[in-house]
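*Asks:* Questions regarding the structure given below will be posed in turn.
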């Protein structure tokens, strides 16, 4: 930015202000005369008023008259009249008086005397301009006269001697005290700025303190303060103004600093070891004096010591009492020592202070023990009674000279009963007892009478004396006797049972056959008891009561009884398993289905198969025997557990469960007969799903539905025709969206069994009569073909001589039992609409039902992929469905519900998006084992032997798809696994149930025939009908699904 322009403008503005201030303003006012119409100009000039100039400052302590006049005032009114100037204020008409005077004519103000700033730092002079009448011509003016300061005052300390204190061993830079000094000179001026300095320290060994020159704070220089070395310091501090300059004024003060004591000295005992002697059985109040030395301040808690025992005084024989005046500990004996128990003692003592140690020496403190060796001197001791009193029991049937007990004195030197003493009775109330002078045996002098009992009140207390004539010593013992009531006089005392407990804790007992008397003595009171009669019996008493445990058991019993009705409601109570009234949990991965009776007709009745018992062959057998045929599977299925038996499998369990289930793939066996049913999702109900794959599956399903809906003709909407009147009948605008719909009668397939006959008539089907029940069966049993039998590619497969002729019958007939019975429909939880069933039966007398043998390998996760759309050329499925090239290279194949274990699904199952074409092949419900997808749809080799089925249903081809008839093949053999294929469609395709050669799916294990019959021609005009679209050149084919029900006999 260019500042030159702004500089020029600023200079011009300042110049104009200066010119204006120093010049006069003249204003011309125009006066218009209305009488004569003339205009006059009057000039009005404003003159600048000069009132005063700034007053000059006065320095204190000097003669300022040379600066007179220090100020001058002037009023503009002086030009027109006479003006008198006057002043007032401090120093004029207020003390101090007469410092300032004014010339009333000229307005000059003069100073007349010396001023002191410390007395009056400034003066305020009030100036007035008066006329001759004494009236103010101007407003009063305040004139300030400032007094300049000079350094004429020294610093002054608030105290001549400052006192402070600080603990020893304090950290460096610890605040001790703050000095306070003031200066009367002008504040915030160099003349009043004080600088502090320590000029002397006592003792002066080394400087221990520092002072802040600006604030006067005294702090420690280091942490070497030691009260034991110097207890007090004296400092001399100087304060100088003008910040300590040489021309400044100064003052001094004293500082006394006391060093406070802390517990930084570890106390110790004067001697490290002591040796003393003491006689046994004596007490001593001043056995030993222990002096403690501590360098801390005397009589303080840091100096007072406490002596304590570290070890050796476990019996609490000694105590130490401290003298706080001398810091001396006195060792006392408070409990007699026994020479026989111990001859010497080693005491270990330690010392500490009452106060806690300072943190500076806390880590240095280590406990130092001092040893005291105590020697116990033996003395000759007299006998004593231990314990000093004993209690006995005397019964009413005890007579004269009966023994009450023994009370002997013990020799303390040997610890045994004394043999040098004699015993005499001391206090003996009622003269009841007598004592043996040598043995100390107590006996009754006479039988206790009732009068003695009443006199003593049942309690006797006497004394016994032991006298040692050699030592001239006597010991006294106390005898306590409990006299029992005289109500027990009838008891007999034959032989006493005496049990004595001595002071050593040992029990001695003597017993006889009769338990009449028992004498007991305890350690504490030495109680001897004599119980007459059946004493042992009296000790036994019943103590039976109803406690909390019994109450708790009763409450628990009632609670269990309350749970019985609830348990009866929950359990089946012997009812049939899987009863119709119960609920069956639906697993997460189960595929729901609408049963045939959900559409029309009653629910089929379940059949009893309890008599169907499989016969288990030996473990080394390679075949599976068939089950006796006594019923037909309707709503019941059997769960089986299998074992591998080499080439075949052995069934180890059989369970009857009500429900609907389809059979799996038949096993390779030497003979097989019965009804074959398809698998269902019930077999994989317990398996989990791969959620990532399921998410992809649902996305593909949604795309397929979108593409399908886009290709379908819309109903109930206005059709768009490119050329009106061409390809559309007259009056076609209406609800009929598709001409071909008039001839579409596929909706009759879903009407149910009630309308089956009507549907057959509408479709023009040929009606076959029911079989005669008296038709004789053949006697030949069906035998499965060997595993290595080559299947036939086209045409009809060779029929085994063991089978009867193949007959196409209606859905209502079914062979079972010894004759031909009317069958119930085979229900599949996944079967919507009609299905194609291939049945093989024998002509023997007894037809056995099929045995559905499951693989004992854990079921893999099964993923259902529905409507995966892709072109045939991109999928490269010619190896699996052998069909000729279609007329359009962009043929589309729609595969619905491809069921395979998810653990082995390859990435090649994802087929590219289809292109529009006029020919469409729809394959629905393809259930393919991984072993059968060896071609372009390669699977993981670990599932090569999976026993699964492939069912292809509703194969719809366009007008150009005519080469499928009789040439359909599926590549990739299953190996040892059998397969049943059922294919339906509008084209003339066929699938051989006996087998397909060329590496196709081997069906040799079935031994029957499976054919597709009653298929409508694909040359229907429905596939040539042009669907309305936006472009006339785009042709699309409508997909019509056909399916019928056939049985091949």
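Backbone N, Cα and C define each Cβ position, glycine as well.
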*Asks:* Look up region 'Disordered' in Swiss-Prot and report which of 992-1013, 1014-1035 it refers to.
*Replies:* 1014-1035
*Asks:* Name the residue range among 507-527, 528-548, 549-569 that Swiss-Prot annotates as transmembrane segment.
*Replies:* 549-569
*Asks:* Can you check which of 110, 834 Swiss-Prot annotates as N-linked glycosylation site?
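*Replies:* Matching 110, 834 against Swiss-Prot annotations yields 110.
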*Asks:* Of 435-484, 485-534, 585-634, which range does Swiss-Prot call region 'Disordered'?
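*Replies:* Per Swiss-Prot, the stretch marked region 'Disordered' is 485-534.
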*Asks:* Candidates are 363, 579, 762; I want to know which one Swiss-Prot annotates as phosphoserine.
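*Replies:* Among 363, 579, 762, the one Swiss-Prot marks as phosphoserine is 579.
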*Asks:* Write out how many residues of the domain 'Cadherin 1' (50-158) are helix, how many strand and how many coil, based on DSSP.
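*Replies:* Its residues fall into 7 helix, 40 strand, 62 coil.
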*Asks:* Tell me whether residue 180 (N-linked glycosylation site) sits in a helix, a strand or coil according to DSSP.
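*Replies:* Looking at the DSSP assignment, residue 180 (N-linked glycosylation site) belongs to neither helix nor strand, so coil.
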*Asks:* What's the CA-CA gap between residue 180 (N-linked glycosylation site) and residue 110 (N-linked glycosylation site) in angstrom, rounded?
*Replies:* 41
